[in-house]
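Shown next, in structure tokens, is the structure this report addresses.
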Amino acid sequence: MDFQRISFVIFIYGVVLLSLKFPAIVTAGDIVHHDDLAPKKPGCENDFVLVKVQTWIDGEEDAEFVGVGARFGTTIVSKEKNAQQTPLSLSDPRDCCKPTRKKLAGEVIMVDRGHCKFTTKANNAEAAGASAILIVNNQKELYKMVCDPEETDLDIHIPAVMLPQDAGTTLNKMLSNGSSSVTVQLYSPKRPVVDSAEVFLWLMAVGTILCGSYWSAWSAKETAIEQDKLLKDASEEELPNFGTGGSSTVMDINVISAFLFVVVASCALIVLYKLMRFTWFFEILVVLFCIGGVEGLQTCLVALLARWFKHTGESFIKVPFFGAVSYLTLAVSPFCITFAVVWAVYRNSSFGWIGQDILGITLIITVLQIVRIPNLKVGTVLLGCAFIYDIFWVFASKRIFHESVMIVVARGDKSGEDGIPMLLKIPRLFDPWGGYSIIGFGDILLPGLLVAFSLRYDWLAKKNLQAGYFLWAMIAYGLGLLITYVALNLMDGHGQPALLYIVPFTIGTFLMLGRKRGDLKNLWTKGEPERVCPHVRLESMEE
């Protein structure tokens, strides 16, 4: 059907554009600059921590800002009850690169970034009697304040915190009203050891692959049964020629397509990086995501409802442009379109992530059912290319673009939006810093293609879970994703490419088990168990 061809277009969109892989991010007060060349030394050995700056105007609680503590100075208390409310004052001169013109009595001093050393500002503030120093950056990002390598005499006894530019602008407006009293409270609450959002995100990723794999394997099993029936009824001369897909609604990936993935996906990522600052381009991304989400949600709902409304699902009507469409699809489509439109309108609300996850999960499941890896060779090439792609655009791209292209795109730094929609995300409800834990579609979709292949092979080969490959492939994927989150926490929240850990586990498990069981050659080239045609078996018996 022409309508089913839309799924293939969605696949191209899904694998190329939606398969961008993004590390986890913190939406408020994210640290984007890492000065790893500045080692710890006496007097400059603090860990970088996010700091909450709560404000009060004339005793009334007001805005809260997020900054980052410096490598130098005293540590900041972690509990809010231990943090004191302290008056806020402006520095004179504003950059505090020279000794201040007025003495302070324990106030917190706010200074501009300027052009002198951070430690110079802190020393001048401490000499003036400040209890802490807030340094306002000249950009919206937060930079880690470190010590210069040649600095040796570091004896700073007040905490230093950097704030983003917009926070400094708001604080300046508060202080511009001379009749108002502005006080601040600085504290750095610790994150929970286990992020519940990451646990649920792990379950979502594993569950999505499970659903997509079973749907794909069920379709392949039904196709194989139909082929066997046709083979029994066909004569030797009229023996039909079946491909590996077995259905016009299924598309197999080949080696060339796997290689092209890196090129096309990289081009798509660069386009996002260069154009996402424009509002019109971001709106195009939202529209494309809605199109893919509608297709995925509609396909999944029709497949589920067809069990109860079989006659409606098997009755078709011709629709211009779309071709033959079932009555059930026509009935479901308005709901799916309305759902996507409502999400697009309210996507920035506190509950917008729910609609985004529903649309994303159904799209991934649909692609896993439509697109298939024919053998282990193609799967290895595809995941190998994605492995290189992931590492390059998270780490190596910094050398060319002076920032991690993938992390910038995922965060939506240049778009003014809270990240792009091509990912699953869950809010960190029990994290005092808030934000979202996220995972890119590609970190589920690409390994999921290999896992779905393993279940199709097991069902056609009539292997149980222990003797097959699906169980071990799922364990390998779950373990690889789990290690990704462990690495993310060990690396202080720095972005981690998930496929760096997932690909070695999944591919390695297949290669090891296949070689041990003697199935490696068949898995690598043919991708399906040996099947004997009934008429061939009959001839051998007659002889």
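Numbers here mean position along the shown chain, with the first residue as 1.
Note: Cβ is positioned from N, Cα and C throughout, glycine not excepted.
Curation does not apply to TrEMBL; its annotations are automatic.
Remember, predicted model here, so these are calculated numbers, not experimental data.
Annotated features, as they stand in TrEMBL:
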- 93-171: domain 'PA' (DOMAIN)
- 199-217: transmembrane segment (TRANSMEM)
- 253-273: transmembrane segment (TRANSMEM)
- 279-309: transmembrane segment (TRANSMEM)
- 321-345: transmembrane segment (TRANSMEM)
- 351-371: transmembrane segment (TRANSMEM)
- 433-455: transmembrane segment (TRANSMEM)
- 467-488: transmembrane segment (TRANSMEM)
- 494-513: transmembrane segment (TRANSMEM)
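Taken together, the residues of the domain 'PA' (93-171) have an average pLDDT of 89. The listed stretches are 321-345, 351-371, 433-455, 467-488, 494-513; of these, 433-455 has the most Cβ pairs under 8 Å to the transmembrane segment (199-217). Same-chain residues lying 6 or more positions outside the transmembrane segment (321-345) and placing a CB less than 8 Å from one of its CB atoms are 1-3, 6, 286-287, 290, 293-294, 297-298, 301-302, 305-306, 309, 312-315, 352, 355-356, 358-359. Across the domain 'PA' (93-171), DSSP assigns 17 helix, 16 strand, 46 coil.
Highest Cβ pair count under 8 Å relative to the transmembrane segment (467-488), across stretches 351-371, 433-455, 494-513: 494-513.
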